[in-house]
């Protein structure tokens, strides 16, 4: 049996009671830490909380070499843990398909997700979001323009864009860095992004939301990670008022 369990947004206490009970009864516990991370805890603290050893998985362990995980699931009760909500990442969906191909039963226990959390924090309505995109750290002279293409297409359709910011080992892209990279893309295409919404540490007691122009937010202090960006489309009056009251939009 392979059960996918979402751990929520920030620390060990975000997991549901159902999820925690399943973890504590599992024979094998795996945690992937490459799509997102719980910044309010660490693996030592999680092991003490779960009363179980936890095997940390790298991207290659899931995408290229999942046999050890699937072998465990074939012979015992196995849980696959991730920050946020399972199946938001396509790699989780692929793993579930691979398990099914081997005849391994699967289940999902959901957790709170950044996808819904940003709507509550920013006041932007969830049905007015289009396709999301990711901004990676540049590699040498390589810097993709595809994130801007997604943003422009969404704005053409009056939709908001959720922009995931890159994570590499212990390096976390900030709102400031993400804006600088998007502004460089926009300058090359000679287009303008009117304003951004930056969100930091969603799910924590120190969560922060700020809205403003690139010039304003590039120098703003968003504090520790994780960060995420929103590029709004056309705003409803209530969305604008919410951003003004809770995110400093002028």
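Glycine is treated like the rest: Cβ placed from N, Cα and C.
On a predicted model such as this, the values are computed, not experimentally measured, just so you know.
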Swiss-Prot S-adenosyl-L-methionine site partner of 85, 88, 113, 114, 165, 202, 227, selected from 9, 20, 31: 9
Listed in sequence order, residues with CB under 8 A of residue 227 (S-adenosyl-L-methionine binding site) and six or more positions away: 165, 172, 173, 174, 175, 178, 198, 199, 200
Chain-internal residues, separated by at least six, CB under 8 A from residue 9 (S-adenosyl-L-methionine binding site): 38, 83, 84, 111, 112, 113, 114, 117, 202, 203, 204
In the chain carrying residue 85 (S-adenosyl-L-methionine binding site), residues 6 or more apart in sequence that have Cβ under 8 angstroms from it: 6, 110, 111, 112, 113, 115
DSSP-derived structure type at residue 165 (S-adenosyl-L-methionine binding site), helix or strand or else coil: strand
Residues near residue 88 (S-adenosyl-L-methionine binding site) in space but at least six apart in sequence (CB under 8 A): 35, 113, 115
Other CB atoms, at most 10 A from the CB of residue 165 (S-adenosyl-L-methionine binding site): 22
